Amino acid sequence: MEFKFVGYSIHYGRRWKIVQIQSDGAHEAMLGNDKLAKIAKQKQKESNKQDEYEALQSFLRSISSTATLPPYVKGETYSSVRGVFNQCLITCAVLILAAGAGHPIGFSAIALPQLQRENSSMRTDDEMGSWIASIHSAATPLGSMVSGPVMEAIGRRRTLQSCTVPLVVGWIIIGTASHHALLLLGRIVCGFAVGLMAAPSQVYLGEISEPRLRGLLIGTPFVAYSLGVLYVYTLGGPLSWRSVAYLSTVLPILAFIALCFSPESPTWLARRGRFHEAMAAMSRLRGTTETAQRELHELISCREKEKARGEENIKFFATVIRSPVLKPLILINTFNLLQILSGSYVVIFYAIKIVEEAGGSLPPEMAANASALVRLAVTILACILLLRLTRRTLVMISGIGTSVCTLALAALLAQGPGTGIAPPVLILAYVGFNTLGFFVLPGLMIGELLPTKVRGLCGGYIFCFFNSFLFGFTKLYPAMMKNIGIAAVFSFFGISAALATILLFLLLPETKGKSLLQIEQYYQKPNILWLSRKKTTGSQNV
């Protein structure tokens, strides 16, 4: 276009009109493009739904001969011997990783005495020591927060594999640390890795195991965890803390390799519409095609009912505040809080110092190693008892025993410094009773009580809350010891254990031998108290 100036007169009207027309044309073109993009997106979404529908129909046609099989009932053979073997073998891959996760937990107990010696190359006072012990728990919530979305996006197995990388990197940083900042950085990286694997390991084992074995298989990571702590305690005697750090990289590397040969969770695959992959994984886990078809058909039926009720499109927060999800969430988080306050983890972090403060005739290092052995032995015993005893019976024994031992120790220490064999014996009894139920229950509840739809995300957030509070309490513990004394601290432990026992007695449902779908259906009932549920049904069933 050509413009001609005549004095100060410019043909603005002509120019403005043209620009305006061009602008309107561009605007219409943009609107057209946006509309086309929305249409394309909608078509893609409909295409995905159609593909998923066709995949579902194809899968259901392939199992039509067993679609009407009755659900699993107590007493019948569920998995074949081959299926049980495969479940146990896959669990072993998770156990290797769980043992590796126990290394950072026990590391502070053997590193701090070495770092606080006069001839240490990295002299450490009590304040810095408390940071070294607790910073791991401060980083763990970050990993836990990330773990929920990650395991929903890439699957349970791949999430477990991914957490081995930061765990190995963290130990290398610790082993090569030349000053406190690097040591703390290594602890943070290890803590992040442990947080990342905590929820996926429990969810994965809960989803691959059958009802008869679920308690055992979900409980076994705590055996491996205790072995990992004992491993570090044992190495910490003859070796320097740097050597222990380097040796702690072995198990995460082995775990990554072992998980390469494990299947993905059939539940996750089914919810993603990958039905044939889910069928292949379930067949491997159950050992027989018919059993796998029946269980997977139940999973898919439950998923389709959610769709029919319109629950699939409900947002995460709206789902969480609904009663069937909120009730187990409140129970799990409240118990986790009281379990931490009962001293379960503080005794691991500060094992040697606690034994020194309590006194007695056993050397502190020997008593600390004995506590790790007791924790390991009782965790194995708990896994065996989960096959025989109900969940509620086991946690009641654990809670009452923990309360009695801690309050008895508090009464003894209130008379003055402990002497003889009584203080270390009471500490070991406390560790044993606490481990029997309280130590294994949080992971068991996450694997069993949470509904399938939110199990991944909520599991990560639960561990995030758990580890955030654990960090604060671990950091606060030295100040508690200094200001109120060890007798008052153990009184506090005992009262917290008693409150946790009352909570579980009132609210914890019995889940032994129940499928995950049966447990989910229990929380859809209107009752809150377990006792009121038993009165209305007249039975022990969920």
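Quick reminder: no glycine exception, Cβ is built from N, Cα and C everywhere.
Feature list (source: TrEMBL):
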TRANSMEM  88-111  transmembrane segment
DOMAIN    88-512  domain 'Major facilitator superfamily (MFS) profile'
TRANSMEM  184-204  transmembrane segment
TRANSMEM  216-233  transmembrane segment
TRANSMEM  245-262  transmembrane segment
TRANSMEM  330-352  transmembrane segment
TRANSMEM  367-387  transmembrane segment
TRANSMEM  394-413  transmembrane segment
TRANSMEM  425-446  transmembrane segment
TRANSMEM  458-478  transmembrane segment
TRANSMEM  484-508  transmembrane segment
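Contact check: the transmembrane segment (367-387) against the transmembrane segment (484-508) gives fewer than three Cβ pairs closer than 8 Å, residues 6 or more apart, which falls short of the contact criterion. Between the transmembrane segment (88-111) and the listed ranges 184-204, 216-233, 245-262, 458-478, the one holding the most Cβ pairs under 8 Å is 216-233. Contact between the transmembrane segment (216-233) and the transmembrane segment (425-446) holds: at least three of their C-beta pairs are under 8 Å, each pair 6 or more apart in sequence. In this chain, the transmembrane segment (425-446) lies close to the transmembrane segment (330-352): three or more C-beta pairs between them fall below 8 angstroms, excluding pairs fewer than 6 positions apart.
Stretch with the most C-beta contacts under 8 angstroms to the transmembrane segment (484-508), considering only 184-204, 245-262, 330-352, 458-478: 330-352. For the transmembrane segment (394-413), the residues of the chain that approach it from at least six positions outside its boundaries are 342-343, 358-359, 382, 385-386, 422-423, 426-427, 429-430, 432-438, 441, 485-491, 493-495, 497-498, 500-501, 504-505, 508, judged by C-beta separation under 8 angstroms.
Across the residues of the domain 'Major facilitator superfamily (MFS) profile' (88-512), the predicted structure has a mean pLDDT of 86.
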